[in-house]
Amino acid sequence: MGFAKQFFFLAVLLSAAVMCSMAEPAQERLIESIACIQKGLPCMEHSDCCRGVCEALFCQ
């Protein structure tokens, strides 16, 4: 009985770790799509802009 509980606990921990590692990239993409900067506003990198073009510190 003790081994079965330990095995079940290990399986739950492993599946939780896998689910968290798969969810992080999706969460990052969602945040980037919500938090992107509109055309004409200041930016620092191409990834800051909704269309991905940052020229002369402004989204194009």
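Keep in mind that glycine also has a Cβ here, set from the backbone N, Cα and C atoms.
Residue environment of Cys50 (disulfide bond) contains 15 other Cβ atoms, counted within 10 Å of its Cβ in all protein chains. Annotation comment: Swiss-Prot describes Cys36-Cys50 (among others) as disulfide bond.
In this structure, Cys54 (disulfide bond) is part of a beta strand by DSSP. Counted within 10 Å of its Cβ, the other Cβ atoms near Cys54 (disulfide bond) come to 18, all protein chains included. Here Swiss-Prot flags Cys43-Cys54 (among others) as disulfide bond, drawing on experimental evidence.
The Cβ of Cys59 (disulfide bond) lies under 8 Å from the Cβ of Ile37, Gln38, Lys39, Gly40, Leu41, Pro42, Cys43, Asp48, Cys49, Cys50, Arg51, Val53, each of which sits 6+ residues away along the same chain. Residues annotated as disulfide bond in Swiss-Prot: Cys49-Cys59 (among others).
Taken from Swiss-Prot, the feature signal peptide applies to 1-23, supported by sequence analysis.
A distance of 11 Å separates the Cα atom of Cys36 (disulfide bond) from that of Cys54 (disulfide bond).
For Cys49 (disulfide bond), the Cβ neighbour count at a 10 Å cut-off comes to 20, with all displayed protein chains included.
According to DSSP, Cys43 (disulfide bond) sits in a coil region rather than a helix or strand.
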